[in-house]
Structures are given as C-alpha cells and as structure tokens.
Amino acid sequence: MSSIKIECVMGEKLRIGESPLWEEKEGTLLFVDITGQKVYRWNPASNNLQTVSVEAPVGSVALRNSGSYVVALGNKFGILKWEDQSVTTIAHVDEDKPNNRFNDGKVDPGGRFFAGTMAQELQPAVVERNQGSLFVLLADHSVITHFDKVDISNGMDWSLDHKTFFYIDSLSYSVDAFDYDVTTANISNRRCLYRLGKEECLPDGMCIDIEGKLWIACYNGGRVIRIDPETGKNIQTVKLPVDKVTSCCFGGKDYSEMYVTSASDGMDDQWAARQPQSGCIFKITGLNVKGIPPYTFAG
Ligand SMILES: O=C(O)[C@H](O)[C@@H](O)[C@H](O)[C@H](O)CO
Ligand SMILES: [Zn+2]
C-alpha cells in the first residue's frame, strides 16, 4: 500500500512558482514567483513567510553564503542580500534580445550557477522559438555561453558522480543528458534520455534523488515523474491536484520530503475554479527516497 501524502502547504497563491530549494541552515524553503517578481523564504516549522520584491521576472534563485543568494533576474545575474532586500547586478546576458528573460537555474557541483533564458511568453508555453541560451556564471562573475537556440530553458541537475549533466528544453518534450566535466564545466555528447508521453505534457523543473534517479515536474501534466537515467524509463508517477506543476526539490529533515511548485498564470476561470490549489506549494511525503543538499555558488 502506498503511503504517499500530498498537501498544499503554503497559503500564498503564486502566479508561476518555481526554483524551489531547501536551505538547510535556516530550515527554510526558498522559491520564486517568476511573473509575480518575488523571491520567497518560507519556514515550514514556524510557517513564517518572508518575501523580497524584485524589479523584473525572476527565473531562479540559488544559495551563496549566509543571508545572500544568487538570482537570475530579467536578463541579469545578481546577488540578493536578504537583510537589506537589495539586488546587485553582477553580469548581463542576451543584451541584443530585449524580450528575453532568465528562467530556471541551479548551482553545479563545482559551485557555478547555471541558468538559461527564453523569450517572454505570449501565453504559457507560447514563445518565439530558438531565442534562449544556457549560461554559466563562474565564481569570478564571468559568464560562459554553453549553447543557444533554446526555446524554454528549464530544469537541470547533475548525476551523483558529477559526470553527467541533465537538461530540459521544455518544448522539445525531452529530458537530455550530456557528458559533464566538473573541473572545466564542459558539456558534450548531447542525447535524449527520456521523451515525455502525451499525458505527461511539458517537462519543466527537475531534481535528482539519492539513488541517482530524476524527478521531473510535468507542466500541464499534473504530475511529477521519476525517471531512471540508466534505462531511460519512467519508474514512478505521482499525480498532483493541479495541472501546472512547475518544479520540485527535496527538503525537510534529511531531505526526505519533496516540495513541488505550481503555477496559476494562464488558466481561464473555469479551469482555475476546478483546480483552486493552482499556484500552491505542495509537500509530498512517503516517497521513501531522499534528495541531496543543493550546491552553493562559489562566487
Ligand atoms: O516556469 C517556467 O519554466 C516557465 O517560465 C513557465 O512559464 C512554464 O513552466 C513554461 O511555460 C512551461 O514550460
Ligand atoms: Zn521551469
């Protein structure tokens, strides 16, 4: 018998919840509302919710050092200092593409911040194609461009041995893998690991678990799925009470709980009435697998 439990845990309804991340030291879940232009810090134990409003759509946030974070904001990389609610720009990208913005991002095992861009959506998942790129912010604040011609740059993570980089360009409906060199951040040998089925819809955010399996949030697919990168097979599906599932991470005690973000943008009144929890953060317990702590930006 399955003991999986899914609860909507955070009262606030987000427009596009994304980039969930467990900050162990604080016992808090960090996340963003992309179009709501806010970064959140929520403590599940006390239910204390803190927010910082930012001046542009914020695609992702990652750990830096105590009280400060790296953010992918508009078309800039910035350092967010929570205490004074300030963001200092450290690098620009896509300056020739004023309609672009950052989307998902994550720190690699070498302490670099990876984040990709996309054209601003006309409506959810409708974008001018091929406008995005995948960038890497190094500790010295210089930026590498890994590749361009991305539609919607989304989830990423690294294998437990750091030798593989997993990546999602949502409109390809595919979860891809690259060989990864953690000493140089080089990627090579791109291949498709898993192609989403019709009901799974669009792959969005992703995270790896302690067994090296990938969890993919299925946007408009109302579920997270667990993929075995060795076999390229779906080994588990967990359905949620909302369609617009955007990302997932492990957190809580020993990283034994999964937190899932969702979106409410782009739903008509009927759809929204049918799924009133759209935009909530969900906690899934009873998965019987743990995650790993997020890496910290070295710069
Ligand atoms: O959260 C994101 O990654 C995008 O910014 C969203 O708008 C959607 O998830 C996307 O349209 C589905 O791929
Ligand atoms: Zn996303």
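Each Cβ is built from the backbone N, Cα and C atoms, and glycine gets one as well.
All annotation found in TrEMBL is predicted automatically rather than curated by experts.
Residues or ranges marked as active site, proton donor/acceptor by TrEMBL: Asp204. On its own chain, Asp204 (active site, proton donor/acceptor) has Asp104, Asn154, Gly155, Ile168, Ser170, Ile216, Ala217, Cys218, Tyr219, Val245, Thr246, Ser247 as residues at least 6 apart in sequence with a Cβ closer than 8 Å to its own Cβ.
As annotated by TrEMBL, divalent metal cation binding site applies to Glu18, Asn154, Asp204.
Sequence annotations record features per position, and here TrEMBL assigns substrate binding site to Arg101, Asn103, Glu121. Counting only residues at least six positions away in the same chain, the Cβ atoms of Val127 sit under 8 Å from the Cβ of Glu121 (substrate binding site).
The domain 'SMP-30/Gluconolactonase/LRE-like region' annotation in TrEMBL covers 16-264.
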Around the divalent metal cation site formed by Glu18, Asn154, Asp204, which additional residues qualify by having Cβ within 8 Å of the site's Cβ center?
Asn103, Asp104, Ile152, Gly155, Ile168, Ser170, Gly205, Ala217, Tyr219, Thr246, Ser247
Confidence summary for the domain 'SMP-30/Gluconolactonase/LRE-like region' (16-264), mean pLDDT rounded:
97
Tell me whether Glu121 (substrate binding site) sits in a helix, a strand or coil according to DSSP.
coil
Compute the mean position of the Cβ atoms of Arg101, Asn103, Glu121, which form the recorded substrate site, and then list in sequence order the other residues of that chain whose Cβ is within 8 Å of it.
Ile34, Pro57, Gly59, Asn100, Phe102, Thr117, Met118, Ala119, Gln120, Val127, Ile152
